[in-house]
Amino acid sequence: MQLYLPIAEVAVNLYLLLGLGTLVGMLSGMFGVGGGFLITPLLFFMGIPPAVAVATGANQIVASSISAVLAHLKRRTVDLRMGTVLLIGGLIGAGLGVYVFNLLREMGQVDLLVRLCYVVFLGVIGALMFVESLRALMQSKRGAPPRRRHHGWVHGLPFKMRFRTSGLYISAIPPLMVGVSVGLLAAIMGVGGGFIMVPAMIYLLGMPTKVVIGTSLFQIIFVTAFTTLLHATTMYTVDMVLALALIVGGVVGAQLGAVIGAKLRAEQLRILLALLVLGVCGKLALELLLTPSELYLIDAPGVG
Amino acid sequence: MRRLFALLICLALPAAAQDEEVVLGLSQNQVSITANFDGSEILIFGAIKRETPIPEDPLEVLITVAGPQQELVVRRKARRFGIWVNTDAVEVDAAPSFYAVATSAPFEQTISAVEDLRHSVSIPRAIRSVGAPMSINDSQAFSEAVIRIRRDNGLYQLREETVSLREQTLFDTSIAMPASLTEGAYPTRIFLTRGGTVISRYETVIDVRKVGLERWLYNLSREQPLVYGLLSVALAIAAGWSASAAARYLRDG
């Protein structure tokens, strides 16, 4: 069944949209990533104008993240205090990011820069996570106790705060910086930023994996809601019909994902996420390297 | 003497041309875009009214339907430092969002190149592009790319020999409009030609517009973007919360 989208002005298959929403919702529930890095390219692929895809993707992430956060709250795996600190940084970063994005657009080549950002970030993070979690998995198989990581400089900073849920007593500066950089990237790359925040929380802040996911989702809700409003008021590119179709699939998927995520072990969860990140990175890199089938691209400034 | 006679015929032709006029009918002069809009087929039919006997030369009918004109930027990729980058860009001043040409005979037989140029009938003529930067020598390739991409999407159609013409008087054709339509007025032109020369033209407009919920959402997003944005976020929050509540209800029995 075809569904006509009033803002995007294209018709797409409703079942395809529902399926896409479910898939991304499952990822969101399992890994705590918003899924923006997947949903946005997939929407391009369906012929939806990029600006609409980015803006509506943000709106969809709000819904799937809320659904997942509520599931995590019930299991007490959300560090609200840490989330708030991250959020403050995130909003500052998002504001900065919009400014940088407009600056880049005037210079041209935004598209390329966004893609390169994706390839570099996804590649580095995916590889790091994969190696690290593989090592952890092997250690736990050998029966050795998981080695507690030491965080030299992170512990030397002032403004220490106690994050009880995470079992941490660290300075507020590193989480704030993580928040700012994620907000910055979120605005430039049009994603929630979970795929960067989750590894940053695990490896930089040393938070336990189980708490990381809920907390990251908590922060993503606010950043994406902010982004949605920004896009709706400045570019008129949020398509409510498209968002609704994705949301319906997404909320179902998020619940499934949270259940599956609770059953998997932390190391396995991380390996899966690492493979996923590497897969998307590889695909984007190939698109940049291989000769495209169509060298030309139509850009309608009016539609965005 | 013979030359004078030829001249007289030439002078007489335009007068004779006015004798044949189109009387047009449309299966619908308005296309309504609803939520489940899946393209539309418009039947265009009509008759040729004339008070003089049918001339010797065969009559041909040519019908065009065009969408609203848009300004486009066409970008071309090239390999730089091993990766594919958008390098050249050409602005196309006006290209219709949709364009269909239907003819009663092969295109070249229906209308001559001069007449095509004058009335902007064929697809390449319907695109207006002037401003290519000095650095680009093959700006033609950019317009060709627009045509190629849009033809593959079913937005530009050349449908030769799809207008059926009976007794040189009654004609009809159907134009398939794809699902991805832009809102606006779609000028529709009917040309009557003899020997490649246009002898009569008729114009009308097909109105394509969103209706119902689609209309309401579109208007809201343009007129009250803040309300629209808040509504989108609220909808997302409500959906997320109710899904979670439903899941809890199901789990707890």
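Any Cβ shown, glycine's included, is placed from N, Cα and C.
Taken from TrEMBL, the feature transmembrane segment covers A:12-39 (among others).
Note on the transmembrane segment (A:51-71): residues 5, 7-8, 21, 24-25, 28-29, 32, 34-36, 39-40, 43-44, 78, 190-192, 214, 217-218, 220-221, 224-225, 227-228, 231-232, 235, 237-240, 242-243, 246-247, 250-251, 253-255, 257-258, 303-304 of its chain, located 6 or more positions outside it, place their CB under 8 angstroms from a CB of the stretch. Among the features that TrEMBL reports, transmembrane segment is placed at A:51-71 (among others).
The transmembrane segment annotation in TrEMBL covers A:83-101 (among others).
Within the chain, the transmembrane segment (A:113-138) has long-range Cβ neighbours (under 8 A, six or more residues past its boundaries) at 37, 104, 146, 185, 188-190, 195-196, 199, 203, 267-268, 270-271, 273-278, 280-281, 284-285, 287-288. Annotation source TrEMBL lists transmembrane segment at A:113-138 (among others).
Annotation source TrEMBL lists transmembrane segment at A:184-205 (among others). Within its own chain, the transmembrane segment (A:184-205) has Cβ neighbours under 8 Å at 28, 31-37, 40, 54-55, 57-58, 61, 65, 82, 86, 90, 93-98, 100-101, 104, 113-114, 117-118, 121-122, 125, 128-129, 132, 149, 151, 154, 166, 168, 170, 174-175, 178, 212-213, 215-217, 219-220, 223-224, 227, 270, 273, 277, counting only residues six or more beyond its boundaries.
Positions annotated as transmembrane segment by TrEMBL: A:217-236 (among others). Below 8 angstroms of C-beta separation, residues 7, 28, 32, 34, 36, 51, 54-55, 58-59, 61-62, 65-66, 68-69, 72, 78, 80, 83, 86-87, 90-91, 94, 98, 179, 182-183, 186-187, 190, 192-194, 197, 304 of the same chain, each at least six residues beyond the ends of the transmembrane segment (A:217-236), sit close to that stretch.
For A:242-262 (among others), the entry in TrEMBL reads transmembrane segment.
Packing against the transmembrane segment (A:269-286) from elsewhere in the chain are residues 27, 30-31, 33, 37-38, 41, 115, 118-119, 122-123, 125-127, 129-130, 132-134, 136-137, 195, 198, 202, 209, 261: each is 6 or more residues past its ends and has a CB under 8 Å from a CB in it. The transmembrane segment feature in TrEMBL is assigned to A:269-286 (among others).
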